[in-house]
4 protein chains.
Amino acid sequence: MKFPILIINFKSYKEAAGPRAVEIAKAAERAAKELGVNIAVAPNHFELALVAQSVEIPVYAQGVDVESAGAYTAHTALENVKEVGASGVILNHSEAPLRLNDLGRFIPKARALGLDVVTCAPDPRTSLAAAALGPSAVAVEPPELIGTGKAVSKYKPETVVETVQLVSKHFPDVAVITGAGIESGEDVEAALRLGTKGVLLASAAVKAKNHYQKIMELAKPLVR
Amino acid sequence: MKFPILIINFKSYKEAAGPRAVEIAKAAERAAKELGVNIAVAPNHFELALVAQSVEIPVYAQGVDVESAGAYTAHTALENVKEVGASGVILNHSEAPLRLNDLGRFIPKARALGLDVVTCAPDPRTSLAAAALGPSAVAVEPPELIGTGKAVSKYKPETVVETVQLVSKHFPDVAVITGAGIESGEDVEAALRLGTKGVLLASAAVKAKNHYQKIMELAKPLVR
Amino acid sequence: MKFPILIINFKSYKEAAGPRAVEIAKAAERAAKELGVNIAVAPNHFELALVAQSVEIPVYAQGVDVESAGAYTAHTALENVKEVGASGVILNHSEAPLRLNDLGRFIPKARALGLDVVTCAPDPRTSLAAAALGPSAVAVEPPELIGTGKAVSKYKPETVVETVQLVSKHFPDVAVITGAGIESGEDVEAALRLGTKGVLLASAAVKAKNHYQKIMELAKPLVR
Amino acid sequence: MKFPILIINFKSYKEAAGPRAVEIAKAAERAAKELGVNIAVAPNHFELALVAQSVEIPVYAQGVDVESAGAYTAHTALENVKEVGASGVILNHSEAPLRLNDLGRFIPKARALGLDVVTCAPDPRTSLAAAALGPSAVAVEPPELIGTGKAVSKYKPETVVETVQLVSKHFPDVAVITGAGIESGEDVEAALRLGTKGVLLASAAVKAKNHYQKIMELAKPLVR
């Protein structure tokens, strides 16, 4: 997984459903190429294969339910994230929380499959626990700020700083990124200044009138 | 929803992941057209949009987590089933059981969206309860036979017959189909002879060496 | 199960924790004896055995997780409801919703154990589905009124009436009771007048300053 | 929390249901007093209040569902563990796995309430993650050995040793205990020799013909 990175989570937004998922992913791809920065997109489950075959930037699953492919109706499998051509997975988003013991199996398995693994957590101590399991990155996201437009990097900078300190002390191989309420390039810049290696965001990009322009704004602070 | 129908559930099988999902769906489409019968495919979540834009036969989601599109990371939304161009949904498969109260909201909402709704249940009485909620069809599937190759239509005919009787007595507008262990055209024929209006199956079609040939065999009993 | 009945749900209220659960249960027992009516209490899991051995009126579990006793840490078993001396179980309360297929197994098993079974549901159609599974009673409780003090019998009488009609048409052996927002004897009386055979309530009794007095008021309409 | 400790988990065993829970707890209390060692009992939810008021040794809840007391039908609340007079809680037993984010809130809250907190985990790395959240102790329990009679201390000593090393390196304030398959005093002794500070067991004590004798055998290795 390459850093710094901007990860765009499409959630289950109607604005990113069906062919619109491909449009947003292509806007992100164009911005990534022009700026020479790392941008990954995380389409909804329904569009994962479609988007993975449409763009060359990293495509992440928003989560998984089980490790192996098989007789699991209506479940998403880690193994199939790879099969459809995606290159990473977000685990434990606050809207899709996972059991500790499942994370303890999913994270090593995902790494063994060569997938990027971003594990979300709501606070510094839980981020430390997530980091202990060996993901590529932990994304600290205070749930009370998600979707509010109040950027974590401005409203809870101490949460971000404490997470960076705790994780880098115990598990220096695990990157720390952040998210929640990120709306502007300025918010992204603030997040990087706090010591993170990237940002996870959703509505700011997905609901923008002009996806390409907005993603350009959000990704510019990643240019060194 | 048109009957009699053959519904092919791709589960999370590796054999139906990524581009292979489109291949199997196209084989089903070809068989449906040649025989002039109703065949629907239910790809895994990851391939739903991809398959829905690739074939003209009915495409069903294997399940959903929430009713509305929105800020639901790693969730599948009923509303988005429609957005991606699919035309139906399977609910309460024994591998993805749902809460009664969720079914009580999902089924009417799905019907209001114009989607076909197949609700699975393990036995006659639970099928009756499912039918009370107004789906297009209930699929009675004894879980102990799923994936065994022992066809419900041969090994538990009394379960099928009792379900047909109970449901048609109380809720005659709801069709009864069946599944579990269905491996051959003969099994499908037996199911229809017991009074059902179709069959839900998975591995027999998905794991066949020649998808087209196998689906032709399985679908032939639907020709009147 | 005897009707008409007043069922008092202690939820996880602090006001009904530990020895206070026994006090409230004894107040209910005293009221039941004086009025000669049926009152059941449903203490929290933590107090079930304690209350069951302290009073002679029916004691119900608030729910269960599994059917059989066994190696299930932190689970509540239907079989043990009986073992501790309780005589019934509430299933599918909107705060503890169950899967349709679990209800399909729990309800017949509970009846086979000789337990009273009250199954909750949020609306008429879901109540009909619950009734199809053969409980002693269904309790229709619109979740939006629970805990509001706006009695279902006054604010949603049509929901109650429609449930009574639907259930008695298809499954006349299943009693219909109701709940949500019930605060006074008047609310209970209104519920009975709508054709129900009882009421399920919680805070009105549990949080009363004088439990005995309040329960007397709530139970009086049950006297014929 | 005092160490070394023997914790007896009653699970949902019929052999420990109702008044039998009190009998086993009293046998444990007698053994604890005679040997002068720490023994805690974890009765099923249904007997928690009953046992807590019957013995003076530590009584632990087998788990909890929510943090606060309140309108949570059929849920167990951390706050009420305290209210009923219990002194600790087991979290994340492999039979009742919890979400990482819930553990991240429950553990600090339980410590703030003055409760002992034992958090289970299946392997060294997941134990490290659990330890990061600050419980009194982590109990490493390979799920494949639970209930087998093959003691973790004999069949997977390397798992125990690795957990002790990892946890003591990063979080030295957190004790490591172990469990799974522990059947005899010898197994307990082996566990202590591997560097743990205690043992969590279930059937060996609960299903013994003579509870007092068996608990004496199991607890003797704790005498210094």
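Cβ atoms are placed via backbone N, Cα and C, with glycine included.
Residues or ranges marked as substrate binding site in TrEMBL: D:Asn9, D:Phe10, D:Lys11, D:Ile146, D:Gly181, D:Ala202, D:Ser203. Following the DSSP three-state reduction, the secondary structure of D:Ser203 (substrate binding site) is helix. Neighbour count (other Cβ atoms within 10 Å of the Cβ, all protein chains): 20 for D:Ser203 (substrate binding site).
The active site, electrophile annotation in TrEMBL covers D:His93. In the three-state DSSP assignment, the secondary structure recorded for D:His93 (active site, electrophile) is coil.
Within the same chain, residues at least 6 positions away in sequence whose Cβ sits under 8 Å from that of D:Glu141 (active site, proton acceptor) are D:His93, D:Ser94, D:Cys120, D:Ala121, D:Pro122, D:Val152, D:Thr178, D:Gly179, D:Ala180, D:Leu200. Annotation note: D:Glu141 (active site, proton acceptor) sits in a coil segment as assigned by DSSP. What TrEMBL lists as active site, proton acceptor is D:Glu141.
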**Prompt:** Which residues of the same chain, at least 6 positions away in sequence, have a Cβ lying under 8 Å from the Cβ of D:Ile146 (substrate binding site)?
**Reply:** D:Ser94, D:Glu95, D:Gly179, D:Ala180, D:Gly181
**Request:** Determine the C-alpha span of the substrate site listed in the record, that is the greatest distance between any two of D:Asn9, D:Phe10, D:Lys11, D:Ile146, D:Gly181, D:Ala202, D:Ser203, in Å to the nearest whole number.
**Result:** 15
**Message:** Just to be sure I understand the packing, how many Cβ atoms besides its own are within 10 Å of the Cβ of D:Phe10 (substrate binding site)?
**Reply:** 26
**Request:** Compile a sequence-ordered list of residues in the same chain as D:Ala202 (substrate binding site), six or more apart from it, whose Cβ lies below 8 A from its Cβ; state 'none' when nothing qualifies.
**Result:** D:Ile8, D:Asn9, D:Phe10, D:Lys11, D:Tyr13, D:Gly147
